[in-house]
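Novice: The following block contains the structure, expressed as structure tokens.
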Amino acid sequence: MALQGNLFGDAEPASSAPSKGQKRQDEPDQLDDHELTQDAKQRPRQRQGQQEHSEPSASSQSEEAHSEASTPAGKDQDNSDDDLPPWSHHSQVTPEQLTPMLRHYVELKAAHPERILLYRLGDFFECFFEDAIHLSRLLELTLTGKEAGKQIGRVPMAGIPHHAAERYCSELIRRGLSVALCDQLEAAPASGSAKGTLLRRDITRVLTPGTVLEEGLLSARRNNWLAAVVVEPAQGRQPFRWGLACADVSTGEFLVREQDNSAALHQELARLDPAELIHHNQNSVAPSWCPERLQRCDIGNTPFSQPEAEALLLERFRLQTLDGLGLQNVPLAMRAAGGLIAYLGETCPLDDNGITPPPLERPITCFPGDALVLDAQTRRNLELIATQRDNQFQGSLLWAIDRTLTAMGARCLRRWIEAPLMDPSIIRSRQASVSQLVSKRPLRQALRRLLRPMGDLERLAGRAGAGHAGARDLVAIADGLERLPQLANLITSQLDGGPSWLSDVLEPDPALAVIGASIRHQLMDNPPLSLSEGGLIHDGVDPLLDGLRNQLDDQESWLAEQEQLERQSSNNSNLKLQYHRTFGYFLSVSRARSGAVPDHWIRRQTLANEERFITPDLKAREGQIFQMRARAAQREYELFCELRGQIGEHAEAIRRSARAIAGLDALTSLAEAAATGGWCAPEITADRSMVIEQGRHPVVEQLLVEDAFTPNDSNLGTGIDLVVLTGPNASGKSCYLRQIGLIQLLAQIGSWVPAQAARIGIADRIFTRVGAVDDLAAGQSTFMVEMAETANILHHASERSLVLLDEIGRGTATFDGLSIAWAVSEHLAGDLQARTVFATHYHELNALAGERSNVANCQVLVEETGSDLVFLHRVAAGGASRSYGIEAARLAGVPASVVQRARQVLDQLAT
């Protein structure tokens, strides 16, 4: 079995059967388990302090360095197809003509044609045929060849060192590719054994973008969603309907949803941004509801039927009935969940040792109306997760408020931003917790000190449950579990009440304390990364292991005695008995003294300044020590696997506490941002009001270094539904629009907001149309993109929506554009009565305020000082009459002659 604690790591320590013969204390490999246990009782081992894991004897480092067989390709490398052999694809060869190893490779490749197959050969993962060509080009590796049989000759081969496989696989996963790992399931035979026997190998892991568990392959601060979709196209009066299931196998979260409307599916997929999407698609063309950049994996030739899905769900969650899952009214979502579980079964199958697929929690059904709706355009315009210009984290809303200290807290805060709340009671409860943490600075700081060193318990528990956790993962789990009582004491002693979901921190499962204590009792505090070389388990844990260690101590004593004896026999006080990983134990003497060694010494190696020898006794004892050490390492691995299995059984309880800790971390982050930024707690109302006093942009305010941000008021929904905002170019109108949208969103995640005071009603959707670009690939001009976005708003906005418009109609003739802008404004203020701020350079729209009582005019002020224009960035009542476009052009660096000519043309047009 390949070690599950280190995906690309060591082979399982091979146990050695004791040889026959007389049993003596100095030949412990011949002792049975009972005698070793008795030895441990007679000579009990005392628990030692943490020691560095090192080689078992005095060592001299290897002078040789192995070169990697697959190195970055040089400039003279030519990977053109003309140089490839005719069998550059595995399907072109006859398996019977291949060597046994390559025949096995082709069989596995035929079962995984869509994945890159990495086949373990010694210290390398190799691939052949088309995968070798693909891998060499993707990773810039040397493309070489391997003899495949007399009738075939050489076939393409490329490979990567097994110790660097995680780095290379990470790059492949990042590119959206899937990888099948074929590892050795048994140790290589000892030297001198019969050659030509094919080692047992099989697929041990399938790595896909949506199913990876390894820390190095995941982004710590965001969920890694695997999504499955089942759709029913519109037929007659039946609308388009879809079911969605998404799971993060690294954290165990499992969500399902069912709804009408393909646009809603597109929005949900854009919000989740899954790493991988699986669905049934009978066409080669991607469906319109699927964002183009998502990695798709078509499943099967037939959609999953409801009976198949029900059977898979019952088996997965070990249920007799699905009534408790609440999926009866969402049949498409149930089928999607079944497809997702079937895909996990293919990529994470049960192995011979009972290693289970990643543990998932029971699915939670999400309903329309649970969260504020944000379409993809609004997410981009408000720059929630990344900036619009260069897609960078710095400069986004999440960057501005993320003070989280744990990876799970960062993911939680991101989820809050991506799905703001709609339930006023939940919003107020979360806001009350933030308020308490703001007012209690010592408590907030104490909580943050405890949270800072905490590991990612959510994902650590998942790896333990899937049998992939290493020893250091388990130690990190113990560290986190030990902090639960400290967090609980702080909260109960200083926080009045607290949210109900904090109960998993205040009253954790009692079994978690037992788990933490068991890890501390058994595992070293700083265990090695490798699970196959010992150094994992404390003394005093297992009598059999203690007995083996006693015998190893005896052998170390024998080696020390032997060194003294050989010094005396050779009359050489500088002689050293040393150990080398490759050459084993040897006697080292200087070249000058090498001619006067005893006759029974056997020369083993000659170096520049020393000679290395062995003796028959030393060689015999070396074999015994190696066998004994292998038995001890095997026993440590068995004990570790037992412990990991016990922890995996409690993965769900660990995750519950981890989710509570994540929420606590997110709350302290919001409190820290509010306390340090001078924010206020908004009043959440049941009406449509949005009254903001001295509001500020939460991101721009932090980015300003020299100048102070100019705060502004906003008033919507209290008699005014539409504000027509006019003012010069580059005066800050777009910033003001985004500021309003971000304050609305912050209020609905339960956060404080950057303002002096605020009263905010719940919005069902936020729409933005800020700036426009063409979409040439889709055959749409800038104006058509603008009109499509406007149409989407007019079709879906309601009186509880917040609409933020920055210029409509500017991409066509002036009067056409003005007419469109006027009609859109009337529709928003009249038919929809949606809360709207419309920034425009069509000053004619100021007349709407005289026609409709729910329309008001505002302007961004500027100050003219001679020929200069000073932007005040202050919003005031009333409409502007000029846009100062020529002055803005001058400030942007347009040549003076062009600016002067523009003024002349403007004067001519004005007359």
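Every residue gets a Cβ built from N, Cα and C, even glycine.
Found this in Swiss-Prot, in case it helps:
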| type | residues | note |
| --- | --- | --- |
| REGION | 1-95 | region 'Disordered' |
| COMPBIAS | 23-42 | compositional bias 'Basic and acidic residues' |
| BINDING | Gly727, Pro728, Asn729, Ala730, Ser731, Gly732, Lys733, Ser734 | ATP binding site |
Novice: Taking DSSP as the reference, which of helix, strand or coil describes Ser734 (ATP binding site)?
Specialist: helix
Novice: Once Gly727, Pro728, Asn729, Ala730, Ser731, Gly732, Lys733, Ser734 are set aside, which residues in the chain still have Cβ within 8 Å of the Cβ centroid of the ATP site?
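Specialist: Other same-chain residues near the ATP site: Ala839, Val860, Phe871.
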Novice: Using CB atoms and a 10 A radius, I'd like the single residue among the binding-site residues Gly727, Pro728, Gly732 with the highest neighbour count.
Specialist: Gly727
Novice: Any idea what DSSP makes of Asn729 (ATP binding site), helix, strand or coil?
Specialist: coil
Novice: Compile a sequence-ordered list of residues in the same chain as Ala730 (ATP binding site), six or more apart from it, whose Cβ lies below 8 A from its Cβ; state 'none' when nothing qualifies.
Specialist: Phe871, Ala888, Leu891, Ala892
Novice: On a count of neighbouring CB atoms within 10 A, which of the binding-site residues Asn729, Ser731, Ser734 is highest?
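Specialist: Checking each of Asn729, Ser731, Ser734, the winner is Ser731.
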Novice: Near Lys733 (ATP binding site), which residues of its chain come within a Cβ-Cβ distance under 8 Å, counting only those 6 or more away in sequence?
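Specialist: Those within reach of Lys733 (ATP binding site), by Cβ under 8 Å and sequence separation of 6 or more, are Leu725, Gly727, Asp806, Ala839, Val860.
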